[in-house]
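**Q** To start, I am sharing the structure in question, which I have written as structure tokens.
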Amino acid sequence: MTLVELTGVSKHYGGVRALEGVSLEVHAGRITCVLGDNGAGKSTLIKMIAGLHRHDGGTLRIEGEETHLASPREALDRGIATVYQDLAVVPLMPVWRNFFLGSEPRKGVGPFKRLDTGLMRRTTREALLRMGIDLRDVDQPIGTLSGGERQCVAIARAVHFGAKVLVLDEPTAALGVKQSGMVLKYVAAARDEGLGVVLITHNPHHAYLVGDRFVLLRRGTMVGNYTRDEITLDELTQQMAGGSDLDALRHELRRN
Amino acid sequence: MTQTADERILRSSPLRRLLLSRPELGSVVGALAVFVFFGVAADGFLRASSLSTVLYASSTIGIMAVPVALLMIGGEFDLSAGVLVTSSALVSSMFSYQMTANTWVGAGVSLLVTLAIGAFNGFVLTRTRLPSFIVTLGTFLMLTGMNLGFTKLIDGTVSTKTIADMEGFPSAHAVFASTLTLGGVDFKVTILWWLGLVALASWILLRTRAGNWIFAVGGNQDAARAVGVPVARTKIGLYMGVAFGAWISGQHLLFSFDAVQSGEGVGNELIYIIAAVIGGCLITGGYGSAIGSAVGALLFGMTSKGIVFAEWNPDWFKFFLGAMLLLATLLNAWVKKRAEATK
């Protein structure tokens, strides 16, 4: 099933063309990787899917219905959860408060309506456990977790709140090898739960480990859109690095 | 990953965990130290009547320190808080006098005007995205000018006319400025207002959705917005909370006597902020507690009155204040660094 479909989408900021003619499909239980160097338009693409920016041209379909997203809240309500690389969580808040931030369960009536803190703590622990994350203490500030762990909590949060589409912005960018592997494992776990995943990255190795479809961006335009059997890791890496650019660089750096 | 997480937990000392979980802990230790110090150094400091004086001094600051602390946890300042108290008193007094209305009508009008000024602060801040330092410095100056300007324009002098003989004055005096006798000791009613506000603010912070949002907008505004927290609404609400505190303080100011000096309040905004910071609020937002602000206010009250009881030159008060602020800020910075150690 196609959850999100972008067709020929473009975005301009004043006189700057940030994105032009990008098409992309997100299917349930599949991982779509968006690859590109810095400035390729990856962030712009995310912001449109997450509801932070409206697209200027082309169409955005959510479950077949053409739409314009007005706010992150609306995107969330439509089942699109976005995990940003640097602003996924509030570091000084406990894990369980972060987990439910923006969707807090409450009990009681009228002025005595209050957070159901017991349920929140319990659910956080259980939801993390289901993703294979065993936290001893959900009361610790989330900032005390490692970068990879925080990504995983954010992913578990999206899965728990019934997101249909999970957008991940460079989840492995600042992480070491081991932590990257851990995050990719949870990305795969989210896919196995039936979510459609959009994985934004500039690392073709990470993308190829989990991806079903690869969309390549360069300077705001789409330069490739492949399924897994249409491209090998070497080709992907080559394309990613800019093909002929890389050859030129190799020539330039060659020692005489 | 669970391995590394558990190792980290094992390595953190119980003291560190405690400091991280209770923002006001440092200030409680400080307050105990100051209490013991003046208990020994100042004759009569431990008398019940002295302690009642200390509590009264603390409560007048504490009533404002509570909403200011909440605002600071939400990541913003309000430099207009001090003069807003005076504005609130002036509006109440002048409306009652000029309209020959019941003082409660004046107080009601004052509540609306004060809340509107708070909402204005929040609205300008969230709309323009200017730093709150600038926005509220602007309202601070405007209110200072308006307080003096309108009072001179309407009453001809810098203070308002007495409203002591007006209808509703006795009951308003009872609510905002009366003295209760408990076991032979006189206590000002502001102490009750203060405790009530601390309890209410703690409830909001720790047990309501709004409280979760306050921590979030102060801790990481962009993350909060991204998960659907109404950032602008939360901040405007916080400024209106400060305005509500200013209204209570302003009515106390008015009904304690029967007239208001229009130049009062300047400089108090810093005292509220200092009380909140001493109580464990991070100046950068996202961390702190309402109880902490109360302890900060208590430290303030104890020091200011303790110096008098010890018969020292009151000039030293500012020195103590500065030293406490510095110590508290260092401790807070340390806590924040620990909390974000592995970021």
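Positions of Cβ are set from backbone N, Cα and C atoms, glycine also.
Because TrEMBL annotations are produced automatically, they should be read as predictions rather than curated entries.
Checked TrEMBL, it gives:
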type: TRANSMEM; residues: B:25-46; note: transmembrane segment
type: TRANSMEM; residues: B:53-73; note: transmembrane segment
type: TRANSMEM; residues: B:104-124; note: transmembrane segment
type: TRANSMEM; residues: B:130-150; note: transmembrane segment
type: TRANSMEM; residues: B:189-206; note: transmembrane segment
type: TRANSMEM; residues: B:270-296; note: transmembrane segment
type: TRANSMEM; residues: B:316-335; note: transmembrane segment
**Q** Is it true that the transmembrane segment (B:270-296) and the transmembrane segment (B:53-73) have 3 or more CB pairs under 8 Å, sequence gap of 6 or more?
**A** yes
**Q** With the transmembrane segment (B:25-46) as the reference, find which of B:104-124, B:130-150, B:189-206, B:316-335 contributes the most Cβ pairs under 8 Å.
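**A** It is B:316-335, which has the most Cβ pairs under 8 Å.
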**Q** Give the nonlocal contacts of the transmembrane segment (B:104-124) in its own chain as ranges (CB under 8 Å, at least six residues past its ends).
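**A** Apart from its flanks, the transmembrane segment (B:104-124) reaches 78, 80, 84, 87-89, 91-97, 130, 132, 135-136, 139, 143, 163, 168, 171-172, 232, 235-244, 246-247, 250-251.
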**Q** Which listed stretch (B:53-73, B:130-150, B:316-335) has the most C-beta pairs under 8 A with the transmembrane segment (B:189-206)?
**A** B:53-73
